[in-house]
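Feature annotations, courtesy of Swiss-Prot:
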type     : residues : note
TRANSMEM : 51-71    : transmembrane segment
TRANSMEM : 85-105   : transmembrane segment
TRANSMEM : 125-145  : transmembrane segment
TRANSMEM : 154-174  : transmembrane segment
TRANSMEM : 178-198  : transmembrane segment
TRANSMEM : 293-313  : transmembrane segment
TRANSMEM : 323-343  : transmembrane segment
TRANSMEM : 356-376  : transmembrane segment
TRANSMEM : 390-410  : transmembrane segment
TRANSMEM : 420-440  : transmembrane segment
TRANSMEM : 470-490  : transmembrane segment
REGION   : 602-668  : region 'Disordered'
COMPBIAS : 618-630  : compositional bias 'Basic and acidic residues'
MOD_RES  : T637     : phosphothreonine
MOD_RES  : T667     : phosphothreonine
Amino acid sequence: MAAVGPPQQQVRMAQQQVWAALEVALRVPCLYIIDAIFNSYYDSSQSRFCIGLQIFLRLLGIVVSSIVLILSQRSLFKFYMYSSAFLLAATSVLVNYYAALHIDFYGAYNTSAFGIELLPRKGPSLWMALIVLQLTFGIGYVTLLQIQSIYSQLMILNILVPIIGLITELPLHIRETVVLMSSLILIFNTVLVLAVKLKWFYYSTRYVYLLVRHMYRIYGLQLLMEDTWKRIRFPDILRVFWLTRITTQATVLMYILRMANETESFFISWDDFWDVICNLIISGCDSTLTVLGMSAVISSIAHYLGLGILAFIGSTEEDDRRLGFVAPVLFFILALQTGLSGLRPEERLIRLSRNMCLLLTAVLHFIHGMTDPVLMSLSASHVSSFHRHFPVLFVSACLFILPVLLSYVLWHHYALNTWLFAVTAFCVELCLKVIVSLTVYTLFMIDGYYNVLWEKLDDYVYFVRSTGNIIEFIFGVVMFGNGAYTMMFESGSKIRACMMCLHAYFNIYLQVKNGWKTFMNRRTAVKKINSLPEIKGSHLQEIDDVCAICYHEFTTSARITPCNHYFHALCLRKWLYIQDTCPMCHQKVYIEDEIKDNSNASNNNGFIAPNENPNPEEALREDAAGSDRELNEDDSTDCDDDAQRERNGGIQHTGAAAAAAEFNDDTD
């Protein structure tokens, strides 16, 4: 078989995209029906039977719409084929009834300028239009139901019989009988075809039910919902639903404004334009489905914003592409927490603007998490290209300036409250994060500029990052208190309580736990290094070797392990953050109570250095006893790589839950 060429692949991909777009478009009406049912009202003064009937019909509509929404592509197309055939049949019956019984084609004669009655020209033209219309309905009907050729011709003729009776000027009662018989035949045929297809519908429904039950038993409810979410392209459906709804409302509002102002100009004033925008925003989140649709639109915007920033700063990390997921989840949780869709229109607009400010700060925090690893990698790799450093520094500068501007604008227009305090705290926290990142970046760049080993660099970096983490922890505690005050005295809810618990776990408890773990790892490493003898002075020249970790010569001092291998104290300390074995022979790095008399001890190259004492332990301890350069237990100030990766997520910690927890407990 010949391989499929690129043009054929492009055609196939285009066809798949067309079918996918059509599938999404066919699922959107289900959301409109569900949204209309949820937003409808019933009169409580009616009888119980009427109220019960309305509730039953609404539940039935929701169930049927939900089933159609999750149908497979093939079943969805068949459902719309049969539905379209039914609508064509009903429309054809209505047209025949109205044309045959309610239109007098010969009542209107064209009159010339001299008052002479001419032949009826309107009647034949309407006959032809009706014949073409009914032929279109008939052909579409038999095509959608896939009726056999001979039988299909009879059905088309049955649809045209009332028009033929109208043309032949049959009496009115005969035309009524003809229309009735034609309608009954068409209805009977439709019911017969649907009854034949009922077997297929039963087996299809049973197959879907067994498949769903099988997937639920094997994979669980979560994976089943995720598979359905992706299979039906639910985010795309929500976007199309929300955008078409907003577009329709915008068209109606523009038409009403033009009619009210009695102007034919296409443009409207700025005041009217602002009123239209406010009304569209208010109506764009008036129900749970519309909030989901707005979340889907925000997801698309955030996704492409994240991709653009990643391309601009030159990052290729896959974990940084989660902005399109974190932003909509955070927005939806904020909307649920504040009861956005249930507020009055004026309050809804204010609440939405506040939620968007919180969402903006969350997005900026996430962007900082995308930028910080790139900034650190550029500084540590000693890349001197201006084109590589400028985009990251420019984004970092924007991340510092935008929170300042946002805080200034909000403080200029609003009085101090819990919501403004929370937004300001998040902005200040982001500015501190940027300062910490730029400070560490500067330290690494200074280290790369000089060729001499900077032994205290590790301590300085840890000191800067630890200071930033401590300040973040303080902000987390303050925000928890602010959220507790809001919940107790302003607007408490179950969702807010859950978010506060998540905030306390992710942004307070885990941060303390990880920071303490990092500190203890460093303290243990320092203890182990301090327990090792130090070589300095003339003994370094006798070693005549390099550090096996950094491959630099020993200029000031070196530490010797129990297995007689030499390393820089700083290099060995970094190694001990990861594991407590020797980098060369993988023996435990510790000092035993009894010194082993091992004359076979070797240095990094496996041989004893010239003029070296075969048993150097006592001499080395004597030299180390007078040394005043002992490493203190708490002077180490750089976090290890694992802890740093945990803090490089921008909004910190795991996924959207931590982001929502950090920004959700202070939304008032």
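Using N, Cα and C of the backbone, Cβ positions are placed for all residues, glycine too.
The transmembrane segment (154-174) is not in contact with the transmembrane segment (51-71), judged by fewer than 3 CB-CB distances under 8 Å for residue pairs 6 or more apart in sequence. Here the transmembrane segment (420-440) has Cβ contacts under 8 Å with residues 357-358, 361-362, 364-365, 368, 371-372, 375-376, 379, 396, 399-400, 403-404, 406-407, 410-411, 414, 461, 464-465, 467-468, 471-472, 475, 478-479, 482-483, 663, 666-667 of the same chain, all six or more residues outside its ends. Under 8 Å from some Cβ of the transmembrane segment (293-313) lie the Cβ atoms of residues 235-236, 238-239, 241-243, 245, 284-285, 320-329, 331-332, 335, 359, 363, 366-367, 370-371, 374, 391-392, 395, all in the same chain and six or more residues away from its ends. Distant neighbours of the transmembrane segment (178-198): 82, 85-86, 89, 92-93, 96-97, 100-101, 145, 147, 155, 158-159, 161-162, 165, 170; these residues of the same chain sit at least 6 beyond its ends, with a Cβ under 8 Å from one of its Cβ atoms. Annotation: stretch 390-410 has the most Cβ pairs under 8 Å to the transmembrane segment (356-376), among 51-71, 125-145, 390-410. For the transmembrane segment (125-145), same-chain residues at least 6 beyond its ends with a Cβ under 8 Å from one of its own Cβ atoms are 81-82, 84-85, 88-89, 91-92, 95-96, 99, 103, 105, 152, 155-156, 159-160, 163, 166-167, 190, 193.
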